[in-house]
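Positions annotated as topological domain 'Cytoplasmic' by Swiss-Prot: 1-15. According to Swiss-Prot, the transmembrane segment annotation covers 16-34, on the basis of similarity to another entry. Swiss-Prot lists 35-372 with the feature topological domain 'Lumenal', giving sequence analysis as the kind of evidence. According to Swiss-Prot, the region 'Disordered' annotation covers 40-69. Swiss-Prot lists ASN165, ASN196 with the feature N-linked glycosylation site, giving sequence analysis as the kind of evidence.
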Amino acid sequence: MDPLGAAKPQWPWRRCLAALLFQLLVAVCFFSYLRVSRDDATGSPRPGLMAVEPVTGAPSGSSRQDTTPTRPTLLILLWTWPFHIPVALSRCSEMVPGAADCHITADRKVYPQADAVIVHHWDIMYNPKSRLPPSPRPQGQRWIWFNLEPPPNCQHLEALDRYFNLTMSYRSDSDIFTPYGWLEPWSGQPAHPPLNLSAKTELVAWAVSNWKLDSARVRYYQSLQAHLKVDVYGRSHKPLPKGTMMETLSRYKFYLAFENSLHPDYITEKLWRNALEAWAVPVVLGPSRSNYERFLPPDAFIHVDDFQSPKDLARYLQELDKDHARYLSYFRWRETLRPRSFSWALDFCKACWKLQQESRYQTMRSIAAWFT
């Protein structure tokens, strides 16, 4: 008997019950773990859970954080500097709207890693196969044929068959269009001061360095100057000291923007810089009037083809010299447009933008067949 007189508790059956409950709890946990593991392994969403978890840390009502991976910076190799002369480069995001920056360099050590190589035709024109980048070409690397010269000045094009993936030139049908100049719209305050007609003390100017007697432009000039005084600057003509060209040409009412080669879209700095930036009305000899009108208003220039002879053109220019209202009509387009001239940095950034937009890989079968 218990000395206190109380009966002993029945401990054995309680211990069995506790052990049974513990085993049941362990079994439930184990099977739950197996189910979760199976769901995670198969990737199927579990009931009541999101397949993609929301971004944490964003305040209520704010837009979700952009989780799109950023594009890698493209590496572009300039196989040579244009005409072997280094030029200043700029951030492409500041040069071309919508473009991301590219790393552009002329360091050939990066050739194996470069996404693209820009090859300036003039710099490899003589014996091109020995001057092109070496083989084997890195997988996926694109080569860009870059040229601003007309077909007669481009030799050995046939040696470039199947080497290049993209074209880059003044031709508007190039993969990368790099004209010598263009007009851009503007609004608000005038982008330029009003034309000071009293400063236009001279009539017609022409600056020319490549003087060939048998060329179309020299022959036309020789016929024109028989009826009209033309001041010619350049080699074997009036000197034009460096840094004074714009100041000198701005004194003239008209400028002869005569191209040295007559080919579609070949409209050079003779018009965009020498004439328009000097506020002289360009008298053009080059591609057709309709070709010029793709890039300029019809009343922004005078085309030699509009006249039956150089004598008729001379008479027309003399009439405009005396009729201020008609002369000033050639500047009306400047109320809404302004001229811009090319830069090497901008051209390279256009290539940067094109490479970002166009990922397909193509091969030019024949540069010569396309360009000439």
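Note that Cβ sites are derived from N, Cα and C of the backbone, with glycine treated the same way.
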Rounded Cα distance, in Å, between ASN196 (N-linked glycosylation site) and ASN165 (N-linked glycosylation site) is 49
Across all protein chains shown, the one of the glycosylation sites ASN165, ASN196 with the most other Cβ atoms within 10 Å of its Cβ is ASN165
Where does the mean pLDDT land for the topological domain 'Cytoplasmic' (1-15)?
43
